[in-house]
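A.B. asks: I'd like to ask some things about the structure below.
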Amino acid sequence: MVEVPGSVGTTASLSLRLGQMVLAFGSLLFMTIGVRFYQFTAFCYLVTIMSLAIPWNLTLAMVDIYCVILQQPFQKPRILLAISIGDWVVSVLALASASSAASVVDILRSNESSCPPTICNRYQFAATLAFLTWFLSLSSSLFNLWLLPSLI
């Protein structure tokens, strides 16, 4: 079996998972601090997807911790395929939510009376954190997909 850095069961994967959780939590936190986020569908979508990404990554971080502690590589192709597909789905959803939230922030910024600068900055920072979550999620998916052929 080929050792791919960033694939399930490695310390690099654990780092990616923890990074995804922290960024998703930060995005969720900055979005929900704003009192009016529920008025915009894109912001509600971002909150929903980041709320979904946190337990997904927490579960896979526990799998990584288990594999790292036992020093066993993850060698189950079907489960790895399911994890890769799940990461890809979370990645696409995170990109869609980050893009839609960033678009709404740009529209709100053009009309300063509808969004005070401090609130718009929070929303923009939440969208930025969601983009970073997407990047780490895509990385995890690609690393696991890269490992998959060596297990089959």
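Using the three backbone atoms N, Cα and C, a Cβ is placed for every residue, glycine included.
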A.B. asks: If I look at Swiss-Prot, which residue among ASN57, ASN111 would I find recorded as N-linked glycosylation site?
C.D. replies: ASN111
A.B. asks: CYS67, ALA42 - same side of the membrane according to Swiss-Prot, yes or no?
C.D. replies: no
A.B. asks: Just to confirm: which same-chain residues, 6+ apart in sequence, have a Cβ under 8 Å from the Cβ of ASN111 (N-linked glycosylation site)?
C.D. replies: none
